[in-house]
Structures are given as C-alpha cells and as structure tokens.
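Database features (Swiss-Prot):
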type: DOMAIN; residues: 4-202; note: domain 'DPCK'
type: BINDING; residues: Gly12, Ser13, Gly14, Lys15, Ser16, Ala17; note: ATP binding site
Amino acid sequence: MTAWVGLTGGIGSGKSAAAQYFADLGVPRIDADAAAHSLTASDGIALPEIRRLFGDTVFDTQGLLRRDILRKEIFASPSRKALLESVMLPLIFSEIKKQQETFTDAVYGIVEIPLLTEKRQFISLIRRVLTISAPLEKRIGRVMARSGLTRGEVADIISHQASESERLLLADDVLLNDGSLKSLREKTMLLHAFYSGIFASKPTQGKHNG
C-alpha cells in the first residue's frame, strides 16, 4: 500500500520545485492544481456546472473557460469563491483519490496541495503533511520575478492565504527553503531517504490517518 505525503506551502515557497525533485527521484507525484485545470479544460466535467452558476460571461465564444475573468470574480467576492469551491473541491478530491489508486507498489507518493491548510478535507487522503516554508521576502521576490506582479499584488495574494504559523501547526515535517535550488534538492533527497525508511517499516506512520 502506498503511503501519501501531502506537500503544501504558500505562494513562492518553492513547493512545486520540491515536488518535482521528489518526482525526479522516482516518487509518484499528484498535483491538485493540475487536477483542477483538467477539470476545467475543454470538455472538462466541471464546466457545465460552472456555466450554470456563473453564466456565459466566464466563457469565450469557443466555449472555453475564461480563467482570468472567473479569477477576478471570485477574488472580489467571498460568496462567489465559496460557490466555485462547492463545485470544484469534491471533483478535485475524487480525481486525486482516483490517481492515488493507480499507484499500488510505491512505498510512498507526494500529493501537492497548495491549500491543504485551508481545505482540511484533503487530509483524509494523506498520512503526513510536509510544509515547504520560506522567509516572506524571499517568497515575494520569487513571485515577482516569475510573474511580473508588483510587490503589493503579491502581498495581497499572500494575505488571502493561510498564515505561515497555521501551516506549521498542521505539519508533520518542515522543509525550510531559504537558499538555492541546489540546497532545496539536497534537503528533498534527505526527506526522500527519511520517508522511504519510515513508510517501508510503518506504512501508517504519521498523525494523519488517510
């Protein structure tokens, strides 16, 4: 039975880079954001309900979801955000579970869930939580460099996410990503050895009993 580690962290923490390093080591990787994207891609199963709830204005003439418009709408309205989540979260949960069932021989796998702290229902899918942590200024700088967003825009996004202390309270394990990519890779390799050891001997190891 494959044990699953939930990998999470705030924007700019380096969680996707860490998840990729695990994958490079042969660890099964499931990405909640990628699952969400597939559900809302052309002919995605979430589209009919999104159209029913949000109307035609969030779709283009080809029937494709206008993600930028939908993003602005839910960012401006907590109730609209909750409405979208009522559609998406159960579908994402089911998709992750379906993907997990395709891996039966691996000792452990990684599920990258950015909003794990905010959406605790996903904890039932995992055994341990790995939080990728980084100093605030480094996070802001990384996001600005890759996105072109202003400092204020990045800070606004961070303010709408769970706090670092909330993520750390949920964590079984913490990886501090305060250096280079080489350092991050080395820390990931150490965690890989740790997880391979504990899950080989005790597949249910961890305070989260997914």
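Note that Cβ sites are derived from N, Cα and C of the backbone, with glycine treated the same way.
According to its DSSP assignment, Ser16 (ATP binding site) is helical. All chains included, 24 other C-beta atoms sit within 10 angstroms of the C-beta of Lys15 (ATP binding site). Cβ crowding, taken as the number of other Cβ atoms within 10 Å, peaks at Ser13 among the binding-site residues Ser13, Ser16. Neighbour list (Gly14 (ATP binding site), Cβ cut-off 8 Å, at least 6 residues apart, same chain): Ile132, Ala134, Arg142, Asn177, Leu184.
Applying an 8 A CB threshold to same-chain residues 6+ apart, the list for Gly12 (ATP binding site) reads Ala134, Lys138, Arg139, Ile140, Gly141, Arg142, Val143, Val154, Ile158. Long-range Cβ contacts of Ala17 (ATP binding site) within its own chain (separation 6+, distance under 8 Å): Asn177, Leu181, Leu184. Across the domain 'DPCK' (4-202), the prediction's mean pLDDT works out to 95.
Shown in sequence order, Gly9, Ala18, Ile132, Ala134, Arg142, Asn177 are the same-chain residues outside Gly12, Ser13, Gly14, Lys15, Ser16, Ala17 whose Cβ sits within 8 Å of the Cβ centre of the ATP site.
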